[in-house]
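Enquirer: I grabbed these lines from TrEMBL:
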- Thr28, Gly29, Ser30, Thr31, Asp83, Gly84, Ala85, Asp86, Lys96, Gly97, Gly98, Gly99, Lys123: substrate binding site (BINDING)
- Glu105: active site, proton acceptor (ACT_SITE)
Amino acid sequence: MDAREMKIKAAEAALAHVEDGMRLGIGTGSTAEEFVRLLAERVADGLKVEGVPTSERTARLCVELGVPLKSLDELPELDLTVDGADEVDGSLRLIKGGGGALLREKIVAAASARMIVIADESKVVDTLGAFKLPIEVNPFGLVATRIAIEKTAARLGLSGPLELRMAGRDPFTTDGGHYILDASFGRIPDADALAGSLNFIPGVVENGLFINMASLAIIAGPAGARTLTAKD
Ligand SMILES: O=C(CO)[C@H](O)[C@H](O)COP(=O)(O)O
């Protein structure tokens, strides 16, 4: 089974949790896109759902494939969000934001009764941090915010380069008009403390640590899909 087939397997398993009439948060990234494709087939067959996309990219795909969309203001309480992840640990803590949609993804997940993560085995880790942690920041005061992040991380025993994410020669800009600093802190033993501390920094809009948000992870490997639930 190649990487795409594993993503499709995970997406198929998540689709089994979707029921008629559901209000769905729809994630961003290549795995979430497989979910959108399968969902669109079910919608074409008569399934009634309304989706809130977590990015402009996902919104475009949903429109193209005929998945009905609403804004989060129109549907502020959702039944289920299905989204990918860059890393998942055994307590279903996540790193997200590799696709740059972390802010909307977190807002949508927080508005959902349940969040199902879909990923392949390569995303499962013992301790978060091998993947660079995306931190969404306001462009104003970028240098000051970067220094504040470094000091906050140091207080938690973490250090490492913070790279401004680029799109060609310009900084990558999120759907919300912000920049992303990708932090190479390495292993993050206390993700809960880091997540809370980062969001206290003025200028930090959101961080890519998703704690206590996912209720289930569907992990696809060469032998098929398995589920992970939080250990604690
Ligand atoms: O957080 C995300 C986007 O902001 C994605 O869910 C994450 O990057 C995983 O993407 P993919 O399924 O393409 O590996």
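Residue positions begin at 1 at the first shown residue.
Even glycines carry a Cβ here, placed using N, Cα and C.
Bear in mind that TrEMBL entries carry predicted annotations, made automatically and left uncurated.
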Enquirer: Kindly assign Ala85 (substrate binding site) to one of the three DSSP-derived states: helix, strand or coil.
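Expert: It is coil.
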Enquirer: For the substrate site given as Thr28, Gly29, Ser30, Thr31, Asp83, Gly84, Ala85, Asp86, Lys96, Gly97, Gly98, Gly99, Lys123, which other residues of the same chain have their Cβ within 8 Å of the site's Cβ centre?
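Expert: Checked against the 8 Å cutoff, the neighbours are Gly27, Ala32, Ala101, Glu105, Ala119.
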Enquirer: Report, in whole Å, the straight Cα-to-Cα distance of the residue listed as 'active site, proton acceptor' from Gly98 (substrate binding site).
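Expert: A Cα-Cα distance of 11 Å.
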Enquirer: For the substrate site as recorded (Thr28, Gly29, Ser30, Thr31, Asp83, Gly84, Ala85, Asp86, Lys96, Gly97, Gly98, Gly99, Lys123), determine the largest distance between any two Cα atoms, in Å, rounded to the nearest integer.
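Expert: Between the outermost Cα atoms of Thr28, Gly29, Ser30, Thr31, Asp83, Gly84, Ala85, Asp86, Lys96, Gly97, Gly98, Gly99, Lys123, the distance is 15 Å.
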Enquirer: Write down the Cα-Cα distance for the residue listed as 'active site, proton acceptor' and Asp83 (substrate binding site), rounded and given in Å.
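Expert: Cα-Cα distance, Asp83 (substrate binding site) to the residue listed as 'active site, proton acceptor': 8 Å.
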Enquirer: Sorry to bug you, but what's the C-alpha spacing from Glu105 (active site, proton acceptor) to Ser30 (substrate binding site), rounded to the closest Å?
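Expert: A Cα-Cα distance of 14 Å.
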